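What TrEMBL records for C2 is active site, nucleophile. The [4Fe-4S] cluster binding site annotation in TrEMBL covers C237, C383, C434, C437. Residues or ranges marked as Mg(2+) binding site in TrEMBL: S284, D346, D347.
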Amino acid sequence: MCGIFGVFGHREAAKLAYFGLYALQHRGQESAGIAVSNGREIREHKGMGLVAEVFDEETLVQLKGHIAVGHVRYSTTGASALKNAQPFCVTHSKHTYGIAHNGNLTNSRELRERLEAQGSIFQTTIDSEIILHLLAKVASRGIEEALTIVMETIEGAYSCLLLTEDKLIAFRDPHGFRPLCLGILNGGYVVASETCALDLIQAQYLRDIRPGEIVIIGKDGLQSIQAIPPSPRQARCIFEFIYFARPDSNVFGENVYLIRRSLGERLAEEARFDCDFVMPFPDSGNYAAVGYARASGLPFEMGVIRNHYVGRTFIQPSQSMRDFSVRVKLNPVKEIIRGQRVLVVDDSIVRGTTSRTRVRAIREAGASKIYMVISCPPIRFPCYFGIDFPSRGELIAARHQVEEIQRYLDLDGLHYLSLEGMLAACRAEDGSFCTACFTGQYPIEIRTDLSKNILERHP
Ligand code: AMP
């Protein structure tokens, strides 16, 4: 879970990157950073917190240059430390590189061990550093060939931006797990995790970066290289549609709002309950709830109100504080809920703890019946490709049947969208999506193949 944004050919590249990251803030709130080049040297600024907290007018003015790469980070595991913030910049053989990565490598541990055995010293625990170490080994071959070798070596999910003194480079894994799109702005280029970032700066969407493709943008224009063939098993992350991407973005060629609405329409086809109105848990359930109400003809109400100003201060790791943070974020409108049979729509249940507290709050507000529909199937398996799902032990649906979850959440009825229903609503029936969190069928084996490792061929 991260957001990346790159600019080439704008006088105020860092400022543009700042706006781009602002639009991608939902993809990560832990740290933010921008690296910028004026064609000769690279400067960077990174910090913990939200984009608006990390940057101000003064810091942005210092970041002079026409090429920039930005990153917002959502930490899943490991230390949430400043040293792990991105873009990650290094200097090697008189050249500086800055990298921003969205996704998760699946053979990073093995690669790191091999590199360390060969004498590499790591400063961070992030995958991006491994990519730069590998790149440094073969950098003398030129960026195009070097990156191709790196892409043949790393496995898993990566949508990446690389900044050099005079280039902006984008590359994407051959499975196409995470989105990455290309746009133009006044003759310059912009690359972003989601199209909502292009909209904000009024850039025009051109196309997606293709799986296995490297796009090199320099003063002579844009060069596209199909570095490795796209995998015959495409594995676009379906959870981008369900929850992660912003509804005003188009990812994988589809508008996220429309997909979410049709997920809700599917839900209405699959499950009906005797209720007075439909309401979402905002904001995650909003769009599927619109779809459910449209398809069922039931009235739509905003039965709980979200406080948009809840800062990270409330996000505490302890269980008691977690409940508190749920209550502070959503508050039921008692006058709407009292004595009513309500159907709540949400996008997903992960641990079940948030949902349980929210349902309890609706009970306390006086609902006579509470039914719940979820716009994806039960999440039973961890994600190795960048979505923050906990270990199987913590995923409620990995250990419990739907009836047990219904009891745990104290619901009068619960329905999860079927796998078929989800695939149909997402136009994903062609098998080009990763649905491993629901099915356990991982698109790539979670193991390491060192046979094609560059460390073998380029020790
Ligand atoms: P819970 O009941 O604790 O499983 O939380 C469910 C809520 O968390 C839903 O409203 C989801 O939108 C949201 N959610 C979705 N994906 C994730 C995730 N990867 N990590 C944390 N929360 C998520």
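Backbone N, Cα and C atoms are what each Cβ position is placed from, and that goes for glycine too.
Close contacts with ligand 1, defined as a Cβ under 6 Å from any of its atoms, occur at S284, D346, D347 among the recorded positions C2, S284, D346, D347. The residue listed as 'active site, nucleophile' is surrounded by 26 other CB atoms, counting those within 10 A of its CB over all protein chains shown. Listed in sequence order, the residues F177, A235, I238, F239, F385, G386, I387, T435, A436 complete the 8 Å Cβ shell around the [4Fe-4S] cluster site centroid, once C237, C383, C434, C437 themselves are left out. Residues within less than 8 Å, Cβ to Cβ, of C383 ([4Fe-4S] cluster binding site) and separated from it by at least 6 positions along the same chain comprise N104, F239, F389, A436, C437. Closest by Cα distance to D347 (Mg(2+) binding site), from the recorded positions C2, C237, C434, is C237.
Annotated pair S284 (Mg(2+) binding site) and C237 ([4Fe-4S] cluster binding site), C-alpha to C-alpha distance, rounded: 17 Å.
Listed in sequence order, the residues I242, Y243, P280, F281, G285, A288, V345, S348, I374, S375 complete the 8 Å Cβ shell around the Mg(2+) site centroid, once S284, D346, D347 themselves are left out. Distance from the CA of the residue listed as 'active site, nucleophile' to the CA of C434 ([4Fe-4S] cluster binding site) is 18 Å.
For C237 ([4Fe-4S] cluster binding site) paired with D346 (Mg(2+) binding site), the C-alpha to C-alpha distance reads 19 Å. Cβ neighbour count for S284 (Mg(2+) binding site) (all protein chains, 10 Å cutoff from its Cβ): 20.
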